[in-house]
Amino acid sequence: MNQWKNFSKGFLKENPVFVLLLGMCPTLGVTSSAINGLGMGLATTFVLLMSNMVISLVKNQIPDKVRIPSFIVIIAAFVTVVQLVMQAYVPSLYKSLGLFIPLIVVNCIVLGRAEAFASKNNVVSSAFDGLGIGLGFTFALVLLGGIREVLGSGKLFNITIYSENYVTLLFVLAPGAFIVLGYLIAIINRIKKN
Amino acid sequence: MSNLLTVSPSPHVHTDDSTRKIMYRVVYAMIPALIWSVFVFGLDALRVTLIAVAACLAFEYLIQKYLMKVTPSVSDGSALITGILLAFNVPSGIPWWIIVIGSLAAMGIGKLSFGGLGNNIFNPALVGRVFMLISFPAQMTSWPSIRSAGVDSLTSATPLGVIKEGLSNGLSVSEISKSLPSQVDMMLGSMGGSLGEVSALLLIIGGLYMLYKKVITWHIPVAVLASVGIIATAFWLVDPQSYVSPGYHLFSGGLMLGAIFMATDMVTSPMNPKGQIIYGVGIGVITISIRMFGSYPEGISFAILIMNAFTPLINTYVKPKRFGGK
Amino acid sequence: MAKRESTFINMVLTLFVVTFIAAAALGFVYDFTKDAIEVAKMKAQSEAIKKVLPEFDELGDVCKVAVASASDSVEVFPAYKGDKLVGVAVKTYTNKGFSGFISIMAGIDTSGKLFGYEVLEHSETPGLGSKMADWFRNSEKPGQNVIGKSPESSKFEVSKDGGDIDAITASTITSRAFLDAMVRAFEAYDVESEQLKIKNTSL
């Protein structure tokens, strides 16, 4: 039951985007479509899962004072793995996510979980934590990307829903990301209050 | 207003000002320009205005009643002003659904999300306009031609658009001026543009009425117009072939509309004269920078929104001296 | 297991081991994906070429052609069906876009007319400039269609500037940039076709 708690808290109670407000740069930058959100979310989930597991395994071998550089190297290694694999097997997604893939390294969520959770807990808990937070992040990005895609380009997962002549362009541009995120956070707060 | 507890020492002067009265005076001040827009653009102008006003009132009522669960304050006239200003800021040929979306953005995002009248940081009508400009750039920049332009052209560019286009193509000012209306025409209102921005003269008359009725003070409009005028003159004197004369900057586009009706919005502008002048100069400088060096031909709406964001800061640092304070 | 002390030697050793393992792992992954990345890149390019040219079986050698109007050379891909040249794909570009660089694959057939184009890379405003991907190949609107046109038959400039092509609504700058890239493609084609004709007759 405890592991289920580690896993499920990432969706609502400690959702990295809607509640912790971490990782705002990729959240606002790549969510112009649901597919982009999904790709970014899954890439981050993989990095979170792997780095959480590795860090909780080696946490006792690493002296405190070089903790952060070691964690960053581990995270950066996994990010580069993701980058190379995406470049090789899903080049079109890699192209549309662009610079944001290497930027996962500096995503606060990843280092944040390493510091706050993985360096204090065992492997299994850390794995569930990483997976939960990662999927919560993915959920938030897909929701945000989906809403922006429907309003801003009349499509959802690249399937046309209504004519492009009636789209509200603002939502696929940067201001749309801020506006939609603001209202989503308001709605989540309302839900959590009840 | 009258049942507020007054805690200053006597004697008191009672005025019968209320939010409602002030708001309706602003509406009266806009009527000349509105009538002129109907004359220039035909019944389309009236259609756009009515849709915008109806949509703004409806959204304010619905959101306040069903989402915020407070007593709707539709009758205070502020939504009416937002509606008219929104219509003043769009071309007359715009499809009805775009105005409705713009009204929703103005009332929902610009005003009620912040808590309604008095709490909004940004001018709601401008939030709506910028929202529409970014979302529907094609429809927001196809201005129907005015009556005097003849029947063969369906759309015409605004003077500022013509200037920007010409300068970016490397034409000199004297070549561009051939395709521009005369400055007298622009002053009176014979040029392409959004509904309410075409006649500088009628906007000034409306502004003078508001000044007379003490709805606004002179500080903001004068600061905006003076800073635009001075900067434009300076550039024009240095290089008259690359920069148009200040008259074009003063009388074209939404400068008058923005300076008189939108920058002076009580909720979103600083409270005391010194702050208002800082605010006005800021708007003027940003406007002229966008017009001369930016990618949009017109920048007054962005300028006002940017300075709106500075208003709380200005209010904090430019406080009137307390009575008895040093 | 007790936590390791933060002594100097421990720290150096730990960092060394961590970076060493990370580097080794990355080297392995890089080696593993290297070929796949290369293939993916080539595939994207050859698919674009297929879309802009008539049917062909074989691509000739890539030539780099210097054009007068730009400092960089552009890549040209001649395509053959059997021994016959069916057209030339030009990977052209412009820096005049609303957000700068735009890369376009343009296919020109042997009669010197534009057969097709495919926008490879751009950062124009979505919904405005990005419309160029389809705007200029709309066969229902001859005013804006560039397919089947050549610099001899029409002037590759937007109608606002006195040319023969209608610009994208509210995106004149992108339209100008697009046509600038097209003109460059034809320029490269002219240079290249001279050489190819010589080569063809010798075959």
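Glycine is no exception: its Cβ is also placed from the backbone N, Cα and C atoms.
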- Note on the structure: As TrEMBL has it, transmembrane segment corresponds, among B:79-96, B:277-294, to residues B:277-294
- Item | Leading contact stretch, B:250-268, B:277-294, B:300-318 vs the transmembrane segment (B:218-238) - CB distance under 8 Å | B:277-294
- Against which stretches of its own chain does the transmembrane segment (B:300-318) lie, if we need a Cβ under 8 Å and a gap of at least six residues from its ends? 89, 121-123, 126-127, 129-130, 133, 253-255, 257-259, 262-263, 268-272, 274-275, 278-279, 282-284, 286-287, 290
- Message: Using a Cβ cut-off under 8 Å, which residues of the same chain at least 6 positions beyond either end of the transmembrane segment (B:250-268) come close to it?
- Response: 22, 26, 29-30, 33, 85, 88-89, 117-123, 125-126, 158-160, 183, 186-187, 191, 193-194, 196-197, 200, 203-204, 206-207, 210, 216, 220-221, 224-225, 228-229, 232, 279-280, 283, 287, 291, 297-298, 300-301, 303-304, 307-308, 311
